[in-house]
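Pulled from TrEMBL:
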{"type": "TRANSMEM", "residues": "61-80", "note": "transmembrane segment"}
{"type": "TRANSMEM", "residues": "92-116", "note": "transmembrane segment"}
{"type": "TRANSMEM", "residues": "122-141", "note": "transmembrane segment"}
{"type": "TRANSMEM", "residues": "153-171", "note": "transmembrane segment"}
{"type": "TRANSMEM", "residues": "211-232", "note": "transmembrane segment"}
{"type": "TRANSMEM", "residues": "244-262", "note": "transmembrane segment"}
{"type": "TRANSMEM", "residues": "324-339", "note": "transmembrane segment"}
{"type": "TRANSMEM", "residues": "345-365", "note": "transmembrane segment"}
{"type": "TRANSMEM", "residues": "386-406", "note": "transmembrane segment"}
{"type": "TRANSMEM", "residues": "426-446", "note": "transmembrane segment"}
{"type": "TRANSMEM", "residues": "458-478", "note": "transmembrane segment"}
{"type": "TRANSMEM", "residues": "490-517", "note": "transmembrane segment"}
Amino acid sequence: MLTKPVLVESLIVFVIILFVHAVVWDRYSWCAVALAIQAFYVQFKWDRLLQLGGAVFQFRTAANSGLLPASMVIPLLGIVMKERCKSTGIVYFERFGIVVASTGMLVALFLSVIAVGITKPVPTNTCILTGVAGSIIIYTMKHSLTVSEVIEVLEVLLIFVYLSMILLYLLPRCFTPGEALLVLGGISFVLNQLIKRSLNVIEGRGNPIDFFLLVAVVGVVLLGLFFTVLFIFMDSGTWISSMFFHMMTAVLGLGVIMPWLYRLIQRNPLFWLLQFLFQTQTRVYLLVYWTFLAASACGVVFYQNAKRSSESKKHQASTITRKYFHFIVVATYVPGLIYDRQLLYVAAVLCLAVFIFLEYIRYFRIKPFGQTLRHLLSLFLDERDSGPLILTHIYLLLGMSLPVWLFPRSCAPKGTLSGAGALVPYSGVLAVGVGDTIASIFGSTMGEIKWPGTKKTFEGTMTAIFAQIIAVALILIFDSSVNLNSSYAWILASVSLVSLLEAYTTQIDNLLLPLYLQIMFM
């Protein structure tokens, strides 16, 4: 039975859920257990739909549906956030954690109901299980949420439904159902938060860098939707279309996004950003250092393309070459985490916006750089880039940045959590930058014993765990704010479980692994 990767992947996720449930042990953790059990059964219905081509939209075919691991991320994040903020007495963010958990559960249930509804013949047992789990979750929400919180959860669900119909139609084969749940669910929640805060803005309330993240994410998504609809009616590869693209980007940026941000932070966004970036000498040094690393990454891209001869146009970059970018990202994030996390937060948002904007230019073939970007990036494609978009580098950035963005600063009075929670901002660095990179390099070069049913090796996983433990020791030495309070056994268990998940999952590990490691640390 354990020769099937999906079963082992599910077992690992269940162990993580039970770890969280054992620590929290309240009505929400029981709901998470119920959601996980029904997601496990529905996952096989999704897998069957994908194999038979019966799904409504075209999903990524080289992976399973990934419904169980994806369904649990947002609910578990909300539960652990609630628990952390409850322990510090921050009632607002405790309620916010409950809303996050409830939203994640409802969105996951919706995706399960869709799978059950389009499966023929109707799976009676799975329908009953989904109904029982849904009843437990809705009953708990009824007795836990206020009316305004219920409305907020339903708003996110409505945005998710419409966003899914639009983006999954426009971007075939870019996601598995699980990845779509994570990405589109996250965007839906961000959009709802931005609308809510825009309608209830109070001068002096809220951190400008939080608003900066919300506006940047929503801005680039709306920009993409606008140009996707526009270029249905005109050829995007002409000079006229390209000039129109750049002109409308400037109009939307300066005429919509900037005023929106000004309303939220009550100051000129450009002046605020410049003042923020160059506020201290440390920030200037970090920016110069990051510019050098960015230039190095560009140099690697140009060098690898220069090596590609005309006789080997189908040549793809090796695993070790692709993992070089992981080392650059680690070298980027670690100094930021140690010396200035707020600067890292804002710089990561800017970098995400630039990455997505460049992907628009590549996808729409916008002159003068669109075709050049297509040629340069085609060398680094892998089997996960089966759709029209190239998303692996964006997922890498998200995996490193999400633990920084989602760190509950308001529930950490001294800027850091106690115990293993102190490593939460480092979750991306450990899981993706160190663990995934070392596992891939050692597994592909020296690995001989393969995990049953996968291409991943035992040696790769063991070296990944060992490397992450060494990385934790180095973090303890160089970051004085980290105090683990003898929680070493929990850290070892967390790192080991996430490394095993990396070996068995077929989902985008750059996105999934940091979130699960963050959940365990919190």
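The backbone N, Cα and C atoms fix where each Cβ goes, and this holds for glycine too.
Outside the transmembrane segment (458-478) by six or more residues, the chain places 338, 423, 426, 429-431, 434-436, 438-440, 442-444, 446-451, 484, 491-492, 495-496, 499-500, 502-503 with a CB less than 8 A from a CB of the stretch. If one looks beyond the transmembrane segment (426-446) by at least 6 residues along the same chain, the residues whose Cβ comes under 8 Å of a Cβ in the stretch are 319-320, 323, 326-327, 329-330, 333-334, 337, 396, 399-404, 456-457, 459-461, 463-465, 467-468, 471-472, 475, 495, 498-499, 502-503, 509-510, 513-518, 521. The stretches the transmembrane segment (324-339) and the transmembrane segment (153-171) do not meet in space: the count of Cβ pairs below 8 angstroms, excluding pairs fewer than 6 apart in sequence, stays at fewer than three. Of the candidate ranges 122-141, 153-171, 345-365, 386-406, 490-517, 345-365 contributes the most Cβ pairs within a distance under 8 Å of the transmembrane segment (244-262). 92-116 is the stretch from 61-80, 92-116, 211-232, 345-365, 386-406 with the greatest number of Cβ pairs below 8 Å to the transmembrane segment (153-171). The list of residues near the transmembrane segment (61-80) in space but at least 6 beyond its ends in sequence, with Cβ under 8 angstroms from a Cβ of it, reads 5-6, 9-10, 13, 16-17, 20, 24, 28-29, 31-32, 35-36, 39-40, 42-43, 46-47, 49-50, 97-105, 107-108, 111-112, 115, 173, 176-179, 181-182, 185-186, 189, 383-384, 386, 406, 501, 505-507, 512, 515-516, 518-519, 522. Within the chain, the transmembrane segment (211-232) has long-range Cβ neighbours (under 8 A, six or more residues past its boundaries) at 166, 170, 187, 190-191, 193-194, 197, 241, 245, 248-249, 252-253, 256-257, 260-261, 264-265, 269, 273, 345-346, 349-350, 352-353, 356-357, 360, 364, 405.
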